[in-house]
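TrEMBL annotations:
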- G76, F81, I127, E128, R143: S-adenosyl-L-methionine binding site (BINDING)
Amino acid sequence: MDRKKLLFDLLDQFKLKAEIKEKFNLFVEEIYLYNQKVNLTGITNYYQFLDKNIYDSLLILKLNIIQEQTTILDVGTGGGFPGLLLAIIYEKINFILIDSIKKKTNWLIYIVEKLALKNVTIINDRIENLSDYEEKIDLLLARAVSKLPLLLEISTFLLKKDAYSIFYKGKNYLEESKKINQNFLEKRGLRLEHIYKDKLLDNSERYFLLFKRINLNYKKEMINYQRIKKII
Ligand SMILES: C[S@@+](CC[C@H](N)C(=O)[O-])C[C@H]1O[C@@H](n2cnc3c(N)ncnc32)[C@H](O)[C@@H]1O
């Protein structure tokens, strides 16, 4: 199997420049090697890895939402999905990649240096602790992190007014969304703007939930885990 060809065929759907595709190839080969020492991703089948991690992360490009943002934050980025992949493509945008697990941020430090990326800040912490970035983020992303109510509760304080959060969700998003009524959103100054639907190569469904922060009334100190735990 020609791994590079498989990867490049898949990337061709996103019309990426040759040098970007080479960086993706380096990323994929490096994560494969690294994953043998440190468990970063459970998926070891190459084709599945391309589909579930690379292709899925890049589906957001089709939404044409990433354009003029200055700062994009990826919550619980893990191995760098989707944040690191997007940082390779958008080298003029600052990406903040945060994860609470040290072995994951160690990997990110390693690969960012290998790829010589200058637009990435890696933070080993919990999102709830990011006071320095309060109201500084233009676009917040999260793939496979917490359930929706918790995600909204702990991350909204980071967004600027009129900025968006986009959450990658599976088909169970409906179940999670039921816990979020209009009152929940209004209280946190949020509006659900849009739900985009797409498919992975294996036909599984991908939903992108797009929330807009319409006012700055809900502050970091108002985060209430106990109340949220009762909802989820
Ligand atoms: C299932 S993994 C998903 C990783 C990556 N986004 C992906 O799609 O492959 C969830 C990650 O979120 C991180 N995480 C969960 N809650 C977090 C929080 N409150 N702050 C920072 N990281 C968090 C975990 O450490 C874990 O690496």
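Cβ atoms here come from the backbone N, Cα and C positions, even for glycine.
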* By a simple count, how many Cβ atoms lie within 10 Å of the Cβ of F81 (S-adenosyl-L-methionine binding site), its own Cβ left out? -> 25
* Asked: Which residue, out of the binding-site residues G76, I127, E128, R143, shows the minimum number of other Cβ atoms inside 10 Å of its Cβ in this structure?
  -> E128
* For S-adenosyl-L-methionine: widest Cα to Cα gap among G76, F81, I127, E128, R143 in Å -> 20
